[in-house]
């Protein structure tokens, strides 16, 4: 039962993450005119898509690498590399998303970083950068002692959850801000809840749902990578279920 709930949560998470990206892309394509890289508002349209993809979906996926039962046994280094690489990919996508909005603001002579959304977003990205470099230096490079890693691990996990929470808050405030900007025409104000508002609000609900599920899996003690010799009953069941599934796959695809 525990194993089934874990893998069902992973499937739901994958579906929610894909829907977050697809819904944001469709919103920008269908209601906001599509995409370009020319300094116009079409360049801005890359910003929400890339920020949702990087700071929410990829970041969330990278955060859960150590929750996979396959990562609980054997060498930890490959999983550390995967964890760092996915976060680096998320950060790269985020930087491109920031480039899009700053490029649009420069082209349109719009002031940078004046709204609460922008303050929250840039703070989140700065924390993400610090978190990645600290994690790379302490947990991936071999110089740090086990004592230092044990000391900083709870801090690393705490700020990881904080950054995801701030990312969700940034996305929600960004969706709201965008709708207030574009739905101020008297013929279709935001308060009349036109189709675009319903769709964008629904996208925000998807982002919140994705983030809450990531945080639930991230903070559930029975799904954390166990310390050596400290497996709980639920973790043992997850490991056994994982290897049964792996053995069944090998048997199915073995040459006759």
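The backbone N, Cα and C atoms fix where each Cβ goes, and this holds for glycine too.
Sequence annotations record features per position, and here Swiss-Prot assigns transmembrane segment to 4-24 (among others). Counting residues 6+ beyond its ends, the transmembrane segment (4-24) has Cβ neighbours under 8 Å at 48-49, 52-53, 56-57, 60-61, 64, 69, 199, 202-203, 206-207, 209-210, 213-214, 216-217, 223, 238 in the same chain.
Per Swiss-Prot, the feature domain 'Cytochrome b561' maps to 12-219; the stated evidence is sequence analysis.
Secondary structure of the topological domain 'Lumenal' (25-40) per DSSP (helix as H, G, I; strand as E, B; remaining residues coil): 6 helix, 0 strand, 10 coil. Summarising the annotation, Swiss-Prot assigns topological domain 'Lumenal' to 25-40 (among others) and lists similarity to another entry as the type of evidence.
Among the features that Swiss-Prot reports, transmembrane segment is placed at 41-61 (among others), with the record citing sequence analysis.
There are 13 other CB atoms within 10 A of the CB of residue 115 (heme b 1 binding site), with all protein chains counted. Here Swiss-Prot flags 47, 112, 113, 114, 115, 117, 177 as heme b 1 binding site, drawing on similarity to another entry.
What Swiss-Prot lists as topological domain 'Cytoplasmic' is 62-83 (among others), and the listing cites similarity to another entry. Note on the topological domain 'Cytoplasmic' (62-83): mean pLDDT across this stretch is 90.
Look at residue 224 (heme b 2 binding site): DSSP puts it in coil. Within 10 Å of the C-beta of residue 224 (heme b 2 binding site) we count 16 further C-beta atoms, all protein chains included. The heme b 2 binding site annotation in Swiss-Prot covers 67, 83, 156, 224.
The L-ascorbate binding site annotation in Swiss-Prot covers 76, 80, 149, and the record cites similarity to another entry as its basis. Sequence-distant contacts of residue 76 (L-ascorbate binding site), defined by Cβ-Cβ distance under 8 angstroms and a gap of at least six in the same chain, do not exist. Secondary structure at residue 76 (L-ascorbate binding site), as computed by DSSP, is coil.
Residues or ranges marked as transmembrane segment in Swiss-Prot (evidence: sequence analysis): 84-104 (among others).
Under DSSP, the residues of the topological domain 'Lumenal' (105-119) split into helix, strand and coil as follows: 8 helix, 0 strand, 7 coil. According to Swiss-Prot, the feature topological domain 'Lumenal' maps to 105-119 (among others), an assignment based on similarity to another entry.
Residues annotated as N-linked glycosylation site in Swiss-Prot: 106. The Cβ neighbour count for residue 106 (N-linked glycosylation site), using a 10 Å radius over every protein chain in view, is 11.
Same-chain residues lying 6+ beyond the ends of the transmembrane segment (120-140) with a Cβ under 8 Å from its Cβ atoms: 51, 55, 59, 80-81, 84, 87-88, 90-91, 94, 98, 113, 148-149, 152-153, 156, 159-160, 162-163, 166-167, 169-170, 173-174. Per Swiss-Prot, the feature transmembrane segment maps to 120-140 (among others); the stated evidence is sequence analysis.
Sequence-distant neighbours of the topological domain 'Cytoplasmic' (141-154) (same chain, 6+ residues past either end, Cβ-Cβ under 8 Å): 134. The topological domain 'Cytoplasmic' annotation in Swiss-Prot covers 141-154 (among others), and the record cites similarity to another entry as its basis.
Per Swiss-Prot, the feature transmembrane segment maps to 155-175 (among others).
Broken down by DSSP into helix, strand and coil, the topological domain 'Lumenal' (176-202) contains 18 helix, 0 strand, 9 coil. Under the heading topological domain 'Lumenal', Swiss-Prot lists 176-202 (among others).
The transmembrane segment feature in Swiss-Prot is assigned to 203-223 (among others); the stated evidence is sequence analysis.
Shown are the binding-site residues 47, 113, 114, 156; the one with the most C-beta atoms within 10 angstroms of its own C-beta is 47. Sparsest Cβ environment among the binding-site residues 67, 80, 83, 112 (other Cβ atoms counted within 10 Å): 112. The maximum pairwise C-alpha distance among 76, 80, 149, the residues recorded as binding L-ascorbate, is 14 Å.
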